Amino acid sequence: LTQQLQQPLLLTRTPFNFTPVEDPLPLIYSLQNANATAILDAMLAINAEHEILNAQFYNGPITEVIVVQVHDRIGYLYLLIDSLRRVKDVEDCLLVFSHDVYSSAINALVRSIRFARVLQQLLFILIIDQLPKLQSLVTLNSPLQIFYPYTKQIYFDRFPGNDPRDCPRDAGLYRARQLGCNNAEWPDKYGHYRESKYTQTKHHWLYKMNRLFERSPVLANFTGQFVFLEEDHYVVEDLLHMLRLMVAARKDLSQNVEILTLGTYEKKPDFTRNTAQVVVDKWVSSFHNMGMSFSRAIWDQIKPCLPAFCSFDDYNWDWSLNHILTKCTKRPFQTMVIRISPRVFHIGQCGVHHKNKVCNPALLSSKLDRMLANNIAKLYPDQLMFNAKLKIRARALKPNGGWGDLRDRRLCSSFFNSSESPPSGLPYGM
């Protein structure tokens, strides 16, 4: 890995060859077996660097910021990074990776990127009794990635992880009170109690957004487009070309368009015809949550509604966002979405919401590559074609629950509200 990083940068689209190797930092997956000194040494080693990776190779202004939310599926992440490598003009972008798991293999994978600038941003504070010492050394533009610090990987035996004294999901209020469990009085609207494997993603999403827009000096003056991806997404090479066409076309519309959507859940994507077809419609989370893009100005419209985001009884960040964009903002948000030829695909066959027995993301990405290669002439259109609105049959917004625990709501609010403290026992200001 060291030899690879020391090689001269190749601006050609050479294959992204990476073999996971042992990181000089300890691999910390189970902190039950790690001592505080080892963890602290690892974090201080990471935080010793203070720069944007690869900046010496790219001197021009940053045109877009591409943000990837990462959990622990390195196979998917590898494929996403490989698809990003092929995106035209990606070298003009800044890549940001936001993690809720510390993995030396994933860290090494991200550190191996040479085709674009990568924000060296690490906000992972672990040792409560060493907090003042750590905070004096961590800066907002220190190495490589954002780390969500309240992860259940660290808090494995207490909130926001799995506290054995918390109520079982299906205990019910009467039994929970008999058990005397921690959160007996805070079931969700369906009578169920929190599950940390689900609540963490919503926390991570808001923490990431707040860090990007409110607490990163590197991005403080950036007014361009942010593109939001996840580890199990896969992108098309003219992603930025299409985004720039959409930004330009939006200026000529008579209606407001707050969010640009580069991906769809189209069951039968078609690249054989006009791949520039777009439509403007109301933003609906279940249709338009993939490959979203918006600017700081749009985030400023969302910010006043974050209390409603944190109090909405749904563990999904996108459903919670849907709630505030229809109930709280001055008007419902609209999106411009690519109709039948999405530039962002979802290849995640296994994960939090997907439990397929056979997980083969490489097979699916290969199919996509063949489809795109067969229709390469249809990419990079000169202009967009606006179609009539899609007939989206969006069901009435009904919260999914899983977010009734007062501690989740307080932790969520603490990310953006300086007067709101995290639940007892959690450090403040991470």
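Placement of Cβ uses the backbone N, Cα and C atoms for every residue, glycine included.
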Among CYS305, CYS350, CYS359, which cysteine is annotated in TrEMBL as forming a disulphide with CYS328?
CYS305
Tell me, from CYS93, CYS167, which cysteine TrEMBL puts in a disulphide with CYS181.
CYS167
Based on the record in TrEMBL, give the one of CYS310, CYS350 in a disulfide bond with CYS412.
CYS310
Taking only the CA atoms, the spacing between GLN69 (substrate binding site) and CYS412 (disulfide bond), expressed in whole angstrom, is 17
Of all the Cα pairs drawn from GLN69, VAL70, HIS71, ASP72, ARG73, ASP100, GLN200, THR201, LYS202, HIS203, HIS204, the residues the record ties to substrate, which distance is largest, in Å?
19
Rounded distance in angstrom between the Cα atoms of HIS71 (substrate binding site) and CYS310 (disulfide bond)
21
So among CYS181, CYS305, CYS310, CYS328, all listed as disulfide-bonded residues, which is physically nearest to LYS202 (substrate binding site)? Use the C-alpha atoms.
CYS310
Are any of ARG73, CYS167, GLN200, CYS310, CYS412 (the recorded positions) within 10 Å of ASP232 (Mn(2+) binding site) when you go C-alpha to C-alpha, and if so which?
ARG73
Measuring Cα to Cα, how far is CYS181 (disulfide bond) from HIS346 (Mn(2+) binding site) in Å?
39
Here's one to test understanding: among the recorded positions CYS167, CYS310, HIS346, whose C-alpha is closest in space to the C-alpha of GLN200 (substrate binding site)?
CYS310
